[in-house]
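Engineer: I am attaching a structure below and will ask some questions about it afterwards.
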Ligand SMILES: Cc1cc2nc3c(=O)[nH]c(=O)nc-3n(C[C@H](O)[C@H](O)[C@H](O)COP(=O)(O)OP(=O)(O)OC[C@H]3O[C@@H](n4cnc5c(N)ncnc54)[C@H](O)[C@@H]3O)c2cc1C
Ligand code: FES
């Protein structure tokens, strides 16, 4: 983990609720970053005391460009939206355990802003010669990032209300797939999506990984503020999302 200072190069709205923040870090000091790991961004604003966690949506080690897709939620994400190109920002990175990037055929299942880490994962799988299919579910137009569909060929979009893609839920996309034709499956999205997907994936014999969210104070294992339950070796264990995750074996997490 390093505390790096970067310069904002771009901070633009992608939709009414989501913006893209791109930060440049001198490439010689940017460490290798695994998809699914995250950064704690320091936000200089009144009343925002803790850093906020964001997954890497893309990292280019050659240029030192780090990209985040950020959903407007509260004070921190609101203040971050206001920072301008040229301003400095402090980031603790890389944090957490990321996805296992595998060759072969991968199915990526994203709900809402859960597409952020899966965008980076998809790029890394393709770089390693793997094939990907993406199911991308959104609530409405305001949650849909159009540039994602330009990045990848094999992507199906579902929208809860008539909007981009087909009307329906991520689960509709999952049910329509022959999941056994994939070697591994990766998920990131709201708990309600994960709960609905769980019964469909429990008997899948390959690797299934999920990136979880939780409230985080420190981001590196010191405060116990981010604990989740995992059922492993026939017993319940408590794991820290920031240190043992955010990526876990989907079959083991208790949702
Ligand atoms: C590992 C990890 C990766 C993440 N990656 C991304 C990402 O790539 N893009 C992105 O937009 N967001 C991501 N998040 C969520 C993001 O960190 C929160 O939305 C952000 O911290 C909210 O800060 P805020 O000050 O704007 O809101 P706050 O003022 O802190 O909270 C406003 C409201 O949002 C809710 N809230 C706050 N944090 C969370 C959370 N973690 N989960 C659910 N509800 C929350 C609270 O209930 C509160 O009502 C990630 C979270 C984690 C743990
Ligand atoms: S956020 Fe502090 S232990 Fe995980």
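Backbone N, Cα and C atoms are what each Cβ position is placed from, and that goes for glycine too.
Quantities reported herein were computed from a predicted structural model and do not represent experimental measurements.
Straight from TrEMBL, here's the annotation block:
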- 52, 53, 54, 55, 76, 77: FAD binding site (BINDING)
- 218, 223, 226, 242: [2Fe-2S] cluster binding site (BINDING)
- 1-101: domain 'FAD-binding FR-type' (DOMAIN)
Engineer: So if I take the binding-site residues (53, 223, 242) and measure from each Cβ to the nearest atom of ligand 1, which come out below 6 Å?
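Structural biologist: Those binding-site residues that pass the cut-off, since their Cβ is under 6 Å from ligand 1, are 53.
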Engineer: Taking just the CA atoms, what is the gap between residue 223 ([2Fe-2S] cluster binding site) and residue 76 (FAD binding site) in Å?
Structural biologist: 20
Engineer: Check the binding-site residues 53, 76, 218 for any whose Cβ is under 6 angstroms from an atom of ligand 2, and report them in sequence order.
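Structural biologist: The ones that qualify, in sequence order, are 218.
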Engineer: I'd like the per-state residue tally for the domain 'FAD-binding FR-type' (1-101) from DSSP, helix first, then strand, then coil.
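Structural biologist: Grouping H, G, I as helix and E, B as strand yields 7 helix, 46 strand, 48 coil.
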Engineer: State the count of C-beta atoms found within 10 angstroms of the C-beta of residue 53 (FAD binding site), not counting that atom itself.
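Structural biologist: Other Cβ atoms within 10 Å of residue 53 (FAD binding site): 22.
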Engineer: Since the record lists 218, 223, 226, 242 as binding-site residues, which of them has the fewest other Cβ atoms within 10 Å of its Cβ?
Structural biologist: 223
Engineer: Could you check which of the binding-site residues 218, 226, 242 is the closest Cα neighbour of residue 55 (FAD binding site)?
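Structural biologist: Answer for the nearest of the binding-site residues: 242.
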Engineer: Would you mind ranking the binding-site residues 55, 77 by how many other Cβ atoms sit within 10 Å of each Cβ and giving me the lowest?
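Structural biologist: The binding-site residues 55, 77 were compared, and 77 has the fewest Cβ atoms within 10 Å.
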Engineer: Including all protein chains shown, what's the count of other C-beta atoms within 10 A of the C-beta of residue 52 (FAD binding site)?
Structural biologist: 21
Engineer: Given the binding-site residues 54, 76, which one has the fewest other C-beta atoms within 10 angstroms of its C-beta?
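Structural biologist: Counting other Cβ atoms within 10 Å of each of the binding-site residues 54, 76, the minimum falls on 76.
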